[in-house]
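Trainee: Sharing a structure, written as structure tokens. Questions coming.
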């Protein structure tokens, strides 16, 4: 196209490493030493985690839609929602098909875990990655819209499919 660009891979990977991998490693090391205390005290980490996730989603929505440069019409937004729901359902269906083949050794419980875990991605990991990879890009808000739609879509589709998947699993286990 007559233009060129350079990507600072070293900078991107070091920032991703510091943002994602280092906290994970530190958490695993600290958990090993305070595991007994955690089991005795049972701090409300589930509630704290949910609040932090909600805050990340809220601030991302605010940052995205408060940006005056976001030029997204209603039709484009509807198309994005349709594509994301279609992709999510396709991935869930494909993982279900592959995990229930005759020659697979997966139990029905394994299949349910595969379907939900393999297709669900977190906004809390995607947004920091977008901010690192596209740092300084003026249309970052526009790029984050599909991820902002994907996260609630996976929760909605998952909750809608739970009764169907549950009845399938119960019937297969009998």
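Each Cβ is built from the backbone N, Cα and C atoms, and glycine gets one as well.
Bear in mind that TrEMBL entries carry predicted annotations, made automatically and left uncurated.
Checked TrEMBL, it gives:
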- 12-33: transmembrane segment (TRANSMEM)
- 45-66: transmembrane segment (TRANSMEM)
- 78-99: transmembrane segment (TRANSMEM)
- 111-137: transmembrane segment (TRANSMEM)
- 143-165: transmembrane segment (TRANSMEM)
Trainee: Thinking of Cβ pairs under 8 Å, which stretch from 45-66, 78-99, 111-137, 143-165 has the most of them with the transmembrane segment (12-33)?
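Mentor: Per the Cβ count, the answer is 111-137.
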Trainee: Residues of the same chain, at least six outside the transmembrane segment (45-66), with any C-beta under 8 angstroms of its C-beta?
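Mentor: Contacts with the transmembrane segment (45-66): 123-124, 127, 141, 144-145, 148, 151.
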Trainee: Using a Cβ cut-off under 8 Å, which residues of the same chain at least 6 positions beyond either end of the transmembrane segment (78-99) come close to it?
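Mentor: For the transmembrane segment (78-99), the far contacts come to 106, 110-111, 114-115, 118-119, 145-146, 149-150, 153-154, 157, 161.
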Trainee: Using Cβ atoms and a strict cutoff of less than 8 Å, what residues sit near the transmembrane segment (143-165) while being 6 or more residues removed from its termini?
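Mentor: Same-chain contacts beyond the flanks: 57, 60-61, 63-64, 70, 72, 77, 80-81, 84-85, 88-89, 92, 112, 115-116, 119-123, 126-127, 130, 134, 137.
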